[in-house]
Amino acid sequence: MEGTLGHLLGFFYLFLLMGQMSLARTSWHTRIGWLTVLEVFVALHGAVVAILAGNGMWPMFFFGFMMVFIVTQIYGVLKNRIAIAGITASYLALVLVTYSGTFGNLFTGTPVGWADIHQITWIPIILYALVFALAYLLAGVGALLRHKKSGAKPV
């Protein structure tokens, strides 16, 4: 069994998600601070696992999951447009500093540069593609069930 910090953080994150599920229909289930911790913690967990793997992929996980947070979740957390703009600008600045080579081979001994910047889009593309694939699958199952219920032949 693995005993790394990344795995420990993974189990802790899973514990937090189980806690979130058990808090359904309570005020804690929708508390902004709690939701923010859940949404941002996955970026920390992914980065730590990648750092411990030593393959230089930590920016993909950290910036990829943070991109998902900034593109979709931040608008439910913050209402202040200046704060949203500040966080977005900070994210972009950190991306630029990281991929410009300023940090060199920090954390893993593998340098990251401009040729690797496309990696930050992989996590959001995969997550959003899975959402649309699941929606398409569920719509198809729903259509089949409606056709079966009405007695019509599926198209």
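Our numbering is plain: 1 for the first residue shown, then up by one each step along the chain.
In case you wondered, yes, glycine gets a Cβ from its N, Cα and C as well.
Some features that TrEMBL has for this protein:
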- 6-25: transmembrane segment (TRANSMEM)
- 32-52: transmembrane segment (TRANSMEM)
- 58-75: transmembrane segment (TRANSMEM)
- 82-102: transmembrane segment (TRANSMEM)
- 122-145: transmembrane segment (TRANSMEM)
Original post:
Under a Cβ pair cut-off of under 8 Å, which of the recorded stretches 32-52, 58-75, 122-145 contacts the transmembrane segment (6-25) most often?
Top reply: 32-52
**OP:** May I ask which of the stretches 32-52, 58-75, 82-102 has the most CB pairs under 8 A with the transmembrane segment (122-145)?
**Re:** 58-75
